[in-house]
Amino acid sequence: MITFWFAVLVLAWVLYFVLEGFDFGVGILTFLGRDEHERGAALRTIGPFWDGNEVWLVAAVGVTFAAFPDWYAALMSALYLPMVAILLLLAIRGVALEFRGKHDTPSWRRRADLLLAVSSTGIVLLWGAVLGILVDGLALGADGEVTGTGLGRSLSPLLTPAAGLGALAALLGAVLLGATFLALRTTGPVRRRARDVARHTGTAGAVTLLLIGIGTGSRLTLAAAAVVFAAGLLARRTREGLSFAAVALSVAATVVAVFTAHGDVVLRSTLDPAWSLTRSGAAAGPEALRLITIAGVLILPGVLVYQAWSYWVFRRRVASERVAS
Amino acid sequence: MDVLDLTRLQFAVVTIYHYLFVPVSISLASAAAGFQIAWIRTANEKYLHLTKFTGKLLIVTFAVGVVTGLVQEFQFGLGWSAFARFYGDVFGPTLAIEGMLAFFLEATFLALWYFGWDRLPRWLHTATIVVVAVGTLLSAYIILAANSFMQNPVAYALDPETGRAHLTSFTELLTNEVVLAAFPHTMGGAAMAGGGLLMAIGIWRVSADAAFRTLSRAGAWMMLLGGAVTAISGDHLGKVMTAVQPMKMAAAEALYETTTSAPFSVFAIGELGHDRPFFSIEIPGLLSFLGTGSFGGTVQGIDDLQALYTAQYGPGSYVPMIPVAFWTFRLMIGAGVLGMALAAYHLWSSWSFPRRVPLLPSFLQPGGGTPGWLRRFALLAPLLPAAANTFGWVFTETARQPWLAFGISKVADGISPGLTGAEVIASLAGFTLVYGLLAVAWCRLVVHLSRKPLTPAVEAADEPDPVPAY
């Protein structure tokens, strides 16, 4: 049961990072649109989806809380300030996206575009750092809380090499996802530029993942590096659907690699291995697990079906050429 | 202030802020669904314009509700990790199910509705907004069930080894007598909040388009009916509270001694101490009636409850902040009643009544038209319900103190053990700044959207893109 819920939890986080990853990427690449019109077209590719994508975060955090309350409590309170920063940036980003088109002045839209690009970049860097920290471990004490005083208590983990490498990998991953998605979903100049970005970033992403894979000895990450490299080649040959799928696959593989890096240990303590948090140690009681199993089995397939349906409804490419009105 | 007080303040700030937008989204979703169904049934274009207008307000409000709601989900781990560990078995599944069941529905179907006008058959398109409306109600119910556990813990067993609460029955959690009473009360308040916004916009813009008169009246009906539901369910909720949290109701009246046929003070001047205040307007027996259903009923006083709790839970103060409880309770009722009165007066004055009623002064004539003063005070229509909702929550949550989950877990024991004051000050500053900016942007946008003409011909000129624009 615990293994099953661990699998569900990893699945929820994978879906979150892949789905919201591409809309973060589009946000980072907002300025591939040279004018307000092209930017509007780029953003319309994610318009109907980003909110549904973000709910995977609600689901992932909810499942973490429900199935592994100790893990949730330890991770959130240990990374207090990075998590607050992610939340604030998510707030700015969500509102910038929803408010952008509701006002007609160019300055309002330009400000919204800028806020969107900056917040998307910030969120991706922070999430990448958090994933890096997950692999590296935290200075957890016996009570499952990170040690330290003042602002440094929860900020210092951000200043480790693991966090930096994670942030870099996440940025490249999101840019690749965003670029391949834009290439797949637009026409005209935005599509061309997005394809160029994907071509050029593919190699850099592959090299970063290769370094991480060698550093951590994770075969999954090495495989992901190869797939990313292939995605870059596919983008060169205008195989847009395939190259997006390849990037999505490698992001998924990397996230799985992060969550399974230490076997049964879900949160490593760098102070004393005995203080590390294990799956069974962090898991909720049997009744809670039974309940979310029933709920999950009943609800999640439906969610997947209607989300897939919404992707089908909005499957048309978005024109980025200016249409004479 | 120490870390505990700062963290409590932060929780209060982000929760109250979140709850300014949530009730508006809940009721606007239902209003948009209602307008769209009216459009389909009557083929009257007016309802189509109102559907689209309400939909835009809904989208911008929902956006703020979503991003501030995300903070709520993280809060329990961020500042209250000890509580999350203790209570995770009960609260975690509840939150997870809310996310999986209701929130996915709301987010996905709202996008399908908003962007799907010309991509879906009309009946299917209407169904999507109905799904959104149902999703918001489901969300509200599940979250209220989680909150009701904190007011009246049910369906749990304390693990003797770890000292943590374990869920024993989800059905029992969902049928907690507190949530059964609190849900209609909260939804009535939500209808008032959204209705107030629609009524105010309708009144301001009535000269621009006749459809705005319909909007203002629909909003006023939402306020009036919502208010009636709130009042009736509030009476019931009061009785449930008197049974499960007697201290809360005693604090609401600052009633120190156990009293038979206890009065209810409408207003008081002076200290709310053991002696009755030096001036107060009291209605004899009303508190007993509110709490027990009988004017002669006995209501337990603060002193006796304090003695009882000390014997039961050990030494310590079990008395919440009396002035906060006393005044938020009255302000909640007052703001709600005033909002209802405003709505009733607007309905009366904008009624198409064929002739004058003899003997009534002109400002009381039905159909006399919306007087100038009402137009100026229209801003009160959304503010009064918002105030009533806020006071209601502040009352519910502060008069539960010192408990987090009544009788089993105290607030002071719930905070993240390692948290430092510097961190909370930094995050509180961040929340204040970003939430302030969100509020400014939201207000500007609502004003801007309200000023636009309703008719689509002009709207199309505003949006040059051939594809539905953001």
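Backbone N, Cα and C atoms are what each Cβ position is placed from, and that goes for glycine too.
Annotation source TrEMBL lists transmembrane segment at B:20-41 (among others).
What TrEMBL records for B:53-71 (among others) is transmembrane segment. Residues 14, 17-18, 21-22, 24-25, 28-29, 31-32, 35, 106-107, 110, 113-114, 129, 197-198, 215, 431, 435, 438, 442, 445-446, 449, 454 of the same chain, all 6+ positions outside the transmembrane segment (B:53-71), place their C-beta atoms under 8 angstroms from a C-beta of that stretch.
If you look up TrEMBL, you'll see B:91-115 (among others) marked as transmembrane segment.
Counting same-chain residues at least six beyond the ends of the transmembrane segment (B:127-150), those with a Cβ under 8 angstroms from any Cβ of the stretch are 22, 25-26, 29-30, 32-33, 36-37, 55, 90-91, 94-95, 97-98, 101-103, 105-106, 109-110, 112-113, 116, 120, 156, 173-174, 176, 178-179, 182-183, 186-187, 190, 400, 403-406. Per TrEMBL, transmembrane segment is recorded for B:127-150 (among others).
Summarising the annotation, TrEMBL assigns transmembrane segment to B:187-206 (among others). Remote same-chain residues near the transmembrane segment (B:187-206) are listed as 22-28, 30-31, 54, 57, 137, 140, 212-223, 225-231, 233, 336, 339-340, 343, 346, 370, 374-375, 378-379, 381-386, 388-389, 392, 446, 450-451 (criterion: CB distance under 8 Å, separation of at least six residues from the stretch ends).
The transmembrane segment annotation in TrEMBL covers B:324-348 (among others).
Annotation comment: TrEMBL describes B:424-447 (among others) as transmembrane segment.
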Same-chain residues at least 6 beyond the ends of the transmembrane segment (B:324-348) whose Cβ lies under 8 Å from its Cβ atoms: 189, 192, 195-196, 199, 203, 216-217, 219-221, 223-224, 227-228, 230-231, 234, 248, 251-254, 266-268, 272, 364, 366, 370, 374, 377, 380-381, 384-385, 387-388, 391-392, 394-395, 398-399
